[in-house]
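Engineer: Below you will find the structure I want to go over with you.
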Amino acid sequence: MFMIKNLTRISPNTSSIITRFRNSGSSSLSYTLASRFCTAQETQIQSPAKIPNDVDRSQYSGLPPTREGEKPRVVVLGSGWAGCRLMKGIDTNLYDVVCVSPRNHMVFTPLLASTCVGTLEFRSVAEPISRIQPAISREPGSFFFLANCSRLDADAHEVHCETLTDGLNTLKPWKFKIAYDKLVIASGAEASTFGIHGVMENAIFLREVHHAQEIRRKLLLNLMLSDTPGISKEEKRRLLHCVVVGGGPTGVEFSGELSDFIMKDVRQRYAHVKDDIHVTLIEARDILSSFDDRLRRYAIKQLNKSGVRFVRGIVKDVQSQKLILDDGTEVPYGLLVWSTGVGPSPFVRSLGLPKDPTGRIGIDEWMRVPSVQDVFAIGDCSGYLETTGKPTLPALAQVAEREGKYLANLLNAIGKGNGGRANSAKEIELGVPFVYKHLGSMATIGRYKALVDLRESKDAKGISMTGFVSWFIWRSAYLTRVISWRNRFYVAINWFTTFVFGRDISRI
């Protein structure tokens, strides 16, 4: 079945977990050990193909309900801002933590645009889950599963999951169940395409590290292809036309980084094409609508100086080499980045749970899903129910982070009150409900310029500023917000080397 050499020690608690994880001599035990214990130096895993085809594979794996004497289990779906902040704050003396996510790291999204052009390296914005919550890799009852959740059975207190694989030389997609005492849905949202034809096939989003990698490779490929002998002037201009759809902070920051890259690096290292490369930002309404008019006008002025062209219009169709606006204008492009906001994911839409007016999972002031026991939702996938009388909070990192922190403290209080087990917290006083206070907004626009607005809203009184000082505040603030000292060091070193030597334009 399996063989592990040089395994240091398996504690009695670990042995009990393994015994319960194993059903009928299945290969799930070997799968668990291979993914769970970093001290295993050699592992041989039984192929799932040996299981008879007429047998339901889901019976071969799963985490059963916790027993008396074991810690209650908190299952977290997602590894974004909300889920990771919750896992960081949860008391692992009270709970076992199981995280289910299609990625094993958290992405520091405010700096993701900088990785697209080589200002920062990709590892600078990715923090492993095992560093955020060490119990995931150390405690016998805590796990991380690289998987997607496909179904919620709230009556049975179970989630149904399916492993994420490459479909080639690893395991075939493997279905399993996890019983929970407390479930936290923090699965985030997906990019909104508004049903526009061709967006999914031709545009690149900017929400994950692999998106930034794809943008960087595509950008550098187009730069090199445009210098090919014999290429027409028209085709060269198309290849070097970078189009950004969406004038929110992500779209504006990426446009600023891209224009900065063109002015400082492309013109020095790709002198033959420096006059043909340009950036166009398309927005249906005003850019940076969350900022006041003064800050928006400053951003437009600075981006225009950097060569960014603004087009007001609605995209109606996206083809492989051009997009078409509502007035019939055709815009050829070589790189298309789509940044038009987010909406509920297919998983969230599939759940038979109450929804808020925007289609997100409906919650009350304590992050609970009122219609089911022991289920909470935080981050971009959740919003207040209309019955609470509260408006839906914006899909921002600072909202998700503070919801995660609040819920971690709430679950810790519930656990200390002996309410950690399933269906045991009905009579526990939950305390003060969650209250969100906006701390302000920031956006960089390139060329050592940024916008900083420290007011609760764009119409309130307070501090707002622009220019170099704002850029310095923006960098300082985000450097301190990077989760680990390791990544802070990476970010600081990357900024320094970029300033001294320029951006890395290697296409690897």
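Yeah, the Cβs are placed from backbone N, Cα and C, and that goes for glycine too.
Annotation comment: Swiss-Prot describes 1-46 as transit peptide, evidence class similarity to another entry. Sequence annotations record features per position, and here Swiss-Prot assigns region 'Disordered' to 48-68. Among the features that Swiss-Prot reports, FAD binding site is placed at 73-103. Marked as NAD(+) binding site by Swiss-Prot on the basis of similarity to another entry: 240-276. What Swiss-Prot lists as motif 'Microbody targeting signal' is 499-508.
Map these features onto the structure and tell me what's around them.
Structural biologist: In the three-state DSSP scheme, TRP81 (FAD binding site) falls into the helix class. The local packing around TRP81 (FAD binding site), expressed as other Cβ atoms within 10 Å of its Cβ over all shown chains, amounts to 26.
Residues near ASP265 (NAD(+) binding site) in space but far in sequence (CB under 8 A, at least 6 apart, same chain), listed by position: VAL117, GLY118, GLY502, ARG503, ILE505.
Assigned with DSSP, the residues of the motif 'Microbody targeting signal' (499-508) fall into helix, strand and coil as follows: 3 helix, 0 strand, 7 coil.
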Engineer: C-alpha of ARG73 (FAD binding site) to C-alpha of THR250 (NAD(+) binding site): distance in Å?
Structural biologist: 36
Engineer: Based on Cβ atoms within 10 Å, give me the single least packed residue among the binding-site residues ASP260, ASP275.
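Structural biologist: Candidates: the binding-site residues ASP260, ASP275. Fewest Cβ atoms within 10 Å: ASP275.
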Engineer: Distance between LEU240 (NAD(+) binding site) and TRP81 (FAD binding site) at the Cα atoms, whole Å?
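Structural biologist: Rounded to the nearest whole number, the Cα-Cα distance is 34 Å.
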Engineer: Select the closest residue to THR250 (NAD(+) binding site) from the following binding-site residues, measuring between CA atoms: TRP81, ASN93, SER101.
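Structural biologist: Sorting the binding-site residues by distance from THR250 (NAD(+) binding site), the top entry is TRP81.
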Engineer: Per 10 Å Cβ neighbour count, which of the binding-site residues ASN93, THR250 ranks highest?
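Structural biologist: Result of the Cβ crowding comparison: THR250.
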Engineer: So which residues does the motif 'Microbody targeting signal' (499-508) touch in its own chain, when a touch means Cβ under 8 Å and the partner is 6 or more beyond its ends?
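Structural biologist: Counting only partners 6 or more residues beyond its ends, the motif 'Microbody targeting signal' (499-508) has Cβ contacts under 8 Å with 117-119, 121, 216-217, 220-221, 223-224, 261, 264-265, 268-269.
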